[in-house]
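Below is one structure, written out as structure tokens; comments come after it.
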Amino acid sequence: MPPKQLRRLLAVLLLLMPLFGMAVDLVSPSLPAMATMLGESDGAIKNLISLYLLGYALGNFFSGFLTDAWGRRKLLLGGLAGFVLISLLPLWQPTLPALLATRLLQGLMVGTISVVARSVYPDVLAPQELVKMGVISGSMFGLGPIIGPVLGAYLQVYAGWQACFVFFAGSMALMWLLVACFVPETHFRRHPLNVPTIRRNLGEVMRHRQFIGMVVLMGAIYSMSIAFNTVGPFIIQSSWHYSPLVFGHIAFGLGCVFLLATFVCRYLVGRYPVARLQQTMTQLLLAVTLLGLALSNIWPDSLPLLCAISALMFFSQGMLFPMSMGRGLSLFRHIAGTATALMFLINILMTSATSFLLSLLSVHTAPALLGVYLILALICFFANRLLIQPAEAMQEASARA
């Protein structure tokens with residue numbers, strides 16, 4: 001592919017990444033208002049996040065097989081068009097069932113788009129460039145959590161919650177035009193869409209211990225930010241009586257921390273072994289969440305404390321998520337669609353389960369939220385300790401032999 005065409009293709013795909021990161025955060029400031037205006041419980045409204053994530057997981061999984069068999073371009077365009085049409089449903093039918101259906105189908109479409117877009121990278125980039133692109137992609141994804149909450153808060157205050165869905169439809173319509181103009185087909189080594197091939201490819205990926213460790217770590221670290229976006233609006237706006245704009249600006253600050261961490265990650269991965277960076281970050285994350293939980297029992301209603309611990313958690317996510325994604329995808333360049341699908345299926349199922357459990361449990365205080373952070377930090381620590389590190393040690397031993 002000519003360099004100029006490649007740069008345009010990568011630029012368009014990178015422009016999609018903030019929209020993926022924004023799909024949860026844009027809606028979060030409006031959750032309490034939705035509960036009030038629709039006369040629904042907080043738990044029912046929180047399911048808007050868990051259902052979106054469930055759809056996202058399913059879209060990730062099935063589109064991986066489809067893109068390896070059918071290619072990239074048609075699925076990208078179809079997913080974008082479907083998202084635009086689905087986002088208009090709440091404008092016509094502003095009810096809880098319509099909202100739940102919309103969020104599930106939005107997740108399905110975004111899951112499809114994200115897998116296909118990320119599967120293009122291994123088609124056009126060398127392995128070392130793929131890891132770097134994983135970090136850049138993570139940085140662009142991080143713009144979503146920065147822009148989304150602030151934009152969502154202002155849309156809620158000045159235009160109401162339905163304005164979020166107008167924004168979704170308009171932005172994805174613009175991306176459809178860019179993809180149609182600048183993203184050609186890149187996948188020509190097609191894998192037949194049949195059960196034996198799918199089973200063989202899945203088995204190859206699932207048996208890779210290091211890959212599974214990366215995926216579990218990604219799922220746990222991403223679940224932390226989903227926990228904040230699910231519970232945070234109700235703690236900050238409903239329990240502590242701050243406005244949606246306060247929550248939006250707090251989430252904006254946390255998103256900036258995430259983005260900063262991705263740049264720090266990009267700097268460090270070129271100078272230190274990635275395995276050592278992962279190990280250090282999982283240990284620091286566990287220490288920070290332990291300290292935060294202890295302090296929150298002393299100052300249970302401290303907004304600065306909740307923000308500080310959440311900021312450190314978002315920094316850890318910005319470090320661990322992109323490096324784990326880049327390393328995991330580099331292991332299966334020959335079946336990148338299947339590997340991407342399985343990676344984000346497990347990842348998003350973990351976050352969807354976290355969001356769903358938070359809608360059922362009584363997590364209405366800062367200490368309870370920090371307790372959730374601690375559980376997820378322990379999962380990150382043991383995923384690295386029990387899955388990733390032993391697999392790396394075996395690879396090093398084999399290389400020496």
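Note that Cβ sites are derived from N, Cα and C of the backbone, with glycine treated the same way.
Annotations in TrEMBL come from automatic prediction, not curation.
Feature annotations, courtesy of TrEMBL:
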DOMAIN    9-392  domain 'Major facilitator superfamily (MFS) profile'
TRANSMEM  48-66  transmembrane segment
TRANSMEM  75-92  transmembrane segment
TRANSMEM  104-121  transmembrane segment
TRANSMEM  133-154  transmembrane segment
TRANSMEM  160-183  transmembrane segment
TRANSMEM  211-236  transmembrane segment
TRANSMEM  242-269  transmembrane segment
TRANSMEM  281-299  transmembrane segment
TRANSMEM  305-323  transmembrane segment
TRANSMEM  335-358  transmembrane segment
TRANSMEM  370-388  transmembrane segment
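Remark: the transmembrane segment (242-269) contacts the transmembrane segment (305-323), by the rule of 3 or more CB pairs under 8 A. Nonlocal intrachain contacts for the transmembrane segment (370-388), taken as residues 6+ away from its ends with a CB within less than 8 angstroms of a stretch CB, comprise 209-210, 212-214, 216-217, 220-221, 223-224, 227, 231, 275, 278-279, 282-283, 285-286, 288-290, 292-293, 296, 306, 309, 313, 320, 354, 358, 363. Of the recorded ranges 75-92, 104-121, 133-154, 305-323, 335-358, the transmembrane segment (211-236) has the largest number of C-beta contacts under 8 angstroms with 335-358. Residues of the same chain lying 6 or more positions beyond the ends of the transmembrane segment (305-323) and with a Cβ under 8 Å from any Cβ of it are 131, 134-135, 137-139, 142, 145, 217-218, 221-222, 224-225, 228, 232, 235, 250, 253-255, 257-262, 264-265, 269, 274, 277-278, 281-282, 284-285, 288-289, 291-292, 295-296, 299, 366, 369-370, 373, 377, 380.
Beyond its flanks by at least six residues, the transmembrane segment (104-121) meets 9, 13, 16-17, 19-20, 23, 51-64, 67-68, 72, 75-76, 78-80, 82-83, 86-87, 130, 133-134, 137, 168, 183, 186-187, 329, 336-337, 340-341, 344, 348 of its own chain at Cβ-Cβ distances under 8 Å.
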